[in-house]
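Asker: Dumping the structure here so I can ask a few things about it.
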Amino acid sequence: MTESGNENVHRFKKAATRIFHRIVEIAARLLFSIVYYGSNEKVPPINNILLLESASSLAFKIRTKKVSSVEVVESFIARIKEVNPIINSLVDNRFATALEEARAADELIASGLKSETVLAKEKPFLGVPFTTKECLQSEGLSFSAGLYKRRSIRGTKDADAVACMKKAGAILLGVTNVSELAMWWESHNYVHGRSRNPYNASRIVGGSSGGEGAILAAGASPIGIGSDIGGSIRMPCFFNGIFGHKPSKFIVSNEGQFPNPSDEDHASFLGLGPMGRYACDLLPILKIVADKNASKLKLETKVDMKQVKVYYAEDDGGSSFISPVDSDIKASLRKVISYLEKAHGIKAQKVALKPLRLSGPIWLARMKSRSGSRFAQELSNNEGNLNIFWELLKWLLCMSHHTLIALCTVVMEGFGVKYGSPKHQYLVEQSNQLQVQLTDMLGDDGVFLYPTHPTPAPFHNEPLIKPFNFAYAGIFNIMGFPATHIPLGLGSEGLPIGIQAVGTYGNDHLTIAMAVELEKAFGGWVPPSVSV
């Protein structure tokens, strides 16, 4: 067969694959719609105005004695008790200790030993409550990472990021649900169960920082810390309509995360960062958790939006196993582009980056380890290798303590591209090319706007039908670039939609500035009780 003939056959196979996948998606959506018909419960309205404040605003009001830390902490505890039976987000708490710490904060402020200026500098979030995902170690709280074998393990100290927040005066309320071993984009496990979306309880919250995204969106915590190795901050923020930032690589310490990255490459893909309802909280929280590495960023640099170069793409160019981008998301991106031109004279450039079509395969290839399969070991809590065939049989008999997707991941790990193979080398080269393309295109004054995820929050278990949709977010972990999710209201289904802003290494201030700007223009977070 001629070369052109081979190319035509290849194109036909890709088109056929894409059509088949789309038919399966549509059929699955119809089935899930029937299963969950009428199951659209949402959390009750927020009636306490303190719950509507940003963390930065609460910090100011607490240290200026306009409100007490005790009152703030009590308000958020009450809200957690109100919404958690619906969303199953918080899985362990330290309410009593948090109230003691709130009283201590109020006493420190009342003593006058330190001025407001000194408190703002030394303890910028004094008395403000926060939450974090359960796979970040927090002293005295559950530290299972959703793994049944770790169900009785509790934190003996705080992860570095949690310790930084406490040092800044923030008060930890508790820890939130994750996917099993933090390696899937629905937060469900056999330790703490399944988390549900505050906008519609039949929909997912994302993962692995899904419980964190849900509790923030429900108005039950003002700020949170998540971790992101394949979109695990940005996807939950997208599904729950809040802001989230994955920092440049190696800026925030990964110490205290479980499971730990297996090598330096994996450590560079993993980023811990802030999540919250208001864009104004991202930069000050990032500055705190970055600790000594904050000086490597330009967080104090004022951004002139008129000087920012903007590039965008509405989709990845047509991957075979990834869902088409929802029309609401494309429409919202176009509105952003129009706004930036009218408000700031920015003529955004639409681009087509061919390696983006390979985002899923690139991420999977770059996650391969020299040592071979690791997930089977991690599922056994690194105490040997899991017998996958026995566990699959147990799952079929409803006797396994592992989720189906975790077991499938072990199977796929054995059949995927081999580390060092020609295919692996090709995908690594494609990722390097994309990194060079983005770096050259964006420079130090450019931002790339791109969908965070192709569809609004799916039904529970529906991600099993479209497992590679995470690639829209995950590809930028491979680059080590900063990326900020920006909510843009609710779509036609009454579910959150939004986009992400991506910058080159060290330019976190640009992507966060874009989030602040678009929040002003489009309103940002919409409380779950609001209807479209």
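In case you wondered, yes, glycine gets a Cβ from its N, Cα and C as well.
Nobody curates TrEMBL annotations by hand; they come from automatic prediction.
Feature list, courtesy of TrEMBL:
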DOMAIN    71-511  domain 'Amidase'
ACT_SITE  Lys133  active site, charge relay system
ACT_SITE  Ser208  active site, charge relay system
ACT_SITE  Ser232  active site, acyl-ester intermediate
Asker: List the same-chain residues at least 6 positions away in sequence whose Cβ sits under 8 Å from the Cβ of Ser232 (active site, acyl-ester intermediate), in sequence order, or say none.
Answerer: Ala182, Trp185, Gly206, Gly207, Ser208, Ser209, Gly226
Asker: What is the average pLDDT across the domain 'Amidase' (71-511)?
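Answerer: On average, pLDDT over the domain 'Amidase' (71-511) sits at 96.
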Asker: Looking at Cβ-Cβ distances, which residues of the chain lie under 8 angstroms from Lys133 (active site, charge relay system) while being 6 or more apart from it?
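Answerer: Sequence-distant Cβ neighbours: Val175, Thr176, Asn177, Val178, Ala182, Ser208, Ser209, Gly211, Glu212, Gly224, Ile225, Gly226, Ser227.
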